[in-house]
Amino acid sequence: MKKVLLVINCIILAVGTCGGPLVMRLYFIKGGKRIWLSSWLQTAAWPINFIPLVISYFYRRKNNNNTTTKLILMTPRIFLATIGIGILQGFTNYFYAYGIGKLPVSTSGLLFATQLAFTAFFAFLIVKLKFTPYSVNSVFLLTIGAVVLALRSGGDQPEGEPKKEYILGFVMTLASAALTGLIFPLVELIYKKTQQTITYTFVLEFQTLYCFVATVLATIGMIINKDFQVSLFLFPQFEYYVHIYQTKSAHKT
């Protein structure tokens, strides 16, 4: 069962990792400009985790012969730490969405891959990761790739996009990679510090909570940026039709 769950999660992760940036970039190509909305969509599906969590609860209850079964496995200390991870994830989502909006998918994908280098660096500082020749080689190649992109920045710059916006997208993508590289070692540190067994249910609870916090952060950004007035419309053409409809209604009155 553990292997089946692992394979299912890997497949879902692969589909989301490959398809997510393409769909997000398509939104911006079609004229979309809502950065907070795009970051909100990255974690808005967190309620789906309640389905396996409920199944897991009844499964554990059955195995315990209907005796006292904890509804939530997380301790208050882990709960607070997870909220902090969720805040970091919320800003990571925003930086990543901003980069996707300004850079081609190939460029942003390569830049975001530098998270492996950041992960190795922060893991060395936080969880005392030991470097191997393979990890050092990977970090070196990814760093060289980012440097090459920086030197030829503008060669794949989208037509009509200001140079300043392109460079800012470059920086924001690297910032999202750096935050992602920080989050992974912090999560491992939390797992090490917790005084309980790391089960599939516990991991799901952890993911649900930090995705919820990240979504709340994006929601606040949407409120400030007044994105909710168009949050139901993923493409700007719909915004245009709504504007026409409101104009006609105003003339009638």
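Placement of Cβ uses the backbone N, Cα and C atoms for every residue, glycine included.
All annotation found in TrEMBL is predicted automatically rather than curated by experts.
Feature annotation from TrEMBL assigns transmembrane segment to 35-58 (among others).
Residues annotated as transmembrane segment in TrEMBL: 78-97 (among others).
Look at TrEMBL and you will find 109-127 (among others) tagged as transmembrane segment. Within the chain, the transmembrane segment (109-127) has long-range Cβ neighbours (under 8 A, six or more residues past its boundaries) at 21, 96, 99, 103, 135, 138-139, 142-143, 145-146, 149, 170, 173-174, 176-178, 180-182, 184-186, 188-189, 192.
According to TrEMBL, the feature transmembrane segment maps to 134-154 (among others).
What TrEMBL records for 166-190 (among others) is transmembrane segment.
Under the heading transmembrane segment, TrEMBL lists 202-224 (among others).
Here the listed stretches are 35-58, 78-97, 202-224, and the one with the most C-beta pairs under 8 angstroms to the transmembrane segment (166-190) is 78-97. Listed by sequence, the residues of this chain that lie at least six past the ends of the transmembrane segment (35-58) yet keep a Cβ under 8 A from its Cβ atoms are 20, 24, 27-28, 69, 71, 89-90, 93-94, 96-98, 100-101, 200-201, 204-205, 207-208, 211-212, 214-215, 218-219, 221-222, 225, 227, 230-231.
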